[in-house]
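Colleague: Below are the features I grabbed from TrEMBL:
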DOMAIN    1-180  domain 'Formyl transferase N-terminal'
BINDING   Ser109, Leu110, Leu111, Pro112  (6S)-5,6,7,8-tetrahydrofolate binding site
DOMAIN    204-301  domain 'Formyl transferase C-terminal'
Amino acid sequence: MRIVFMGTPDFAAASLKALIETQHQIVGVVTQPDKPKGRGKQVQPPPVKVLALENSLPVYQPVSIKTDEFLEQLKLLQPQCIVVVAYGKILPREILHLPPLGCVNVHASLLPYYRGAAPIHWAVINGEKETGVTTMYMDEGMDTGDMILKGTIPIGPDDTVGMIHDRLAAQGAKLLVETLGLMGQGKAPRQSQNHTSATYAPMLRKEHEPIDWQGQAKDIHNHVRGMDPWPGAFTTWEGQVLKIWKTGVPAPLMLSACPGTVLELQTGGILVQTGYGQILIKELQLQGSKRMEASRFLRGKQITPGTVLGQ
C-alpha cells in the first residue's frame, strides 16, 4: 500500500518505525517544522523527521497544510492511504478526501472517551483504571470518525503519564499495522462512535498545573502523576515554585490542619495535609534545582512541620 505518514512527536515515531518494518511503501513523511527547544532554545527536528531521514524517506515540513502548493505535492505522491498519528494540525477537507482508502488516525484513548489533544494526561488525572488506543477513519470532526480497532491497557495506581505514553505508543504502532493489513484485504471493520457518550481531553494550560491542596489526597496524587514528565504539577514554598513529581497516599489520619500544611518529615518523604486525608511527597524539584528524592531535598532545605505550601 502507498502510504503518506503524518506525525510529529515520539508517540508518532513508534508508529512510523512499525510501518517501516512492513511491506508498505511509505511515499512521504509529513511532520511539523523544526522548532527551538530546551533551555538553549536550539532548533531541533521532530522525532518523526529524525527517524524518516535515518531511513531515507522523503520528508515534508510545510508551515501550512492548507495551501494549494502542499495539496499538489500530496497528489503527486499518489497515496492510497494517509496515516495520521499526533501530527498536531487539523487536516482540511481536501486532504481528508484525497486518498482512495481514506485517512486513518491512531488516537491514544478508547473513543468516544477523551477526544482531543491530551487524552493520556486526562485519563491519568481523572484516575481512570484503564485506557487504550483506537484506530479510526478520519472525518472533519475532532476525533469523531468511525472506529476500526481498539486495544486496552490498565493504568496502575502509581503509573505516570510518561509510563502510559510509552505503552500506548507501542500498542498504537501494533494496532496500526494490524489496521492497515485489514484495510488492504478489504476486511477492516467500521463502527460509528456513540457521540452522546463522548468526553474531552483539552490541551493542558498553565492553570492546570498548580496543586489544589483543598482537594482529596487521591485526586492530588492523580494530578501529580498525570503531569509527569510534562508539564509538572507544582505548589509554592517561600515564594518559589516547587514541582511535585512523586507522591503516595497513606491511610488517612483524622487531623484538622489547614490544607497544604506540612505535618511530618518522614524517612520516605514530606507528609502534607489535604482537604481530605494526607499525601506523602516523595520526589520534588525546587525552582532552579534538579529533580530529587524528598530525603535528599530535606538535607539541604529547612522545611519544617507547620509550613503551609501554596501560599
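Using the three backbone atoms N, Cα and C, a Cβ is placed for every residue, glycine included.
Please situate the listed features within the shown structure.
Modeller: All protein chains shown were included, and the count of other CB atoms within 10 Å of the CB of Pro112 ((6S)-5,6,7,8-tetrahydrofolate binding site) stands at 19.
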Colleague: Let me know the model's mean pLDDT on the domain 'Formyl transferase C-terminal' (204-301).
Modeller: 96
Colleague: For the binding-site residues Leu110, Leu111, which Cβ has the most other Cβ atoms within 10 Å, all shown protein chains included?
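Modeller: It comes out as Leu111.
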Colleague: I want the residues beyond Ser109, Leu110, Leu111, Pro112 whose C-beta is within 8 angstroms of the mean position of the (6S)-5,6,7,8-tetrahydrofolate site's C-beta atoms, in chain order.
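Modeller: In sequence order, the nearby non-listed residues are His107, Tyr113, Tyr114, Arg115, Pro119, Gly132, Thr134, Asp143, Met147, Lys150, Gln193, Ala198.
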Colleague: Looking only at the domain 'Formyl transferase C-terminal' (204-301), how are its residues distributed among DSSP helix, strand and coil?
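Modeller: Helix, strand and coil residues of the domain 'Formyl transferase C-terminal' (204-301) number 19 helix, 39 strand, 40 coil.
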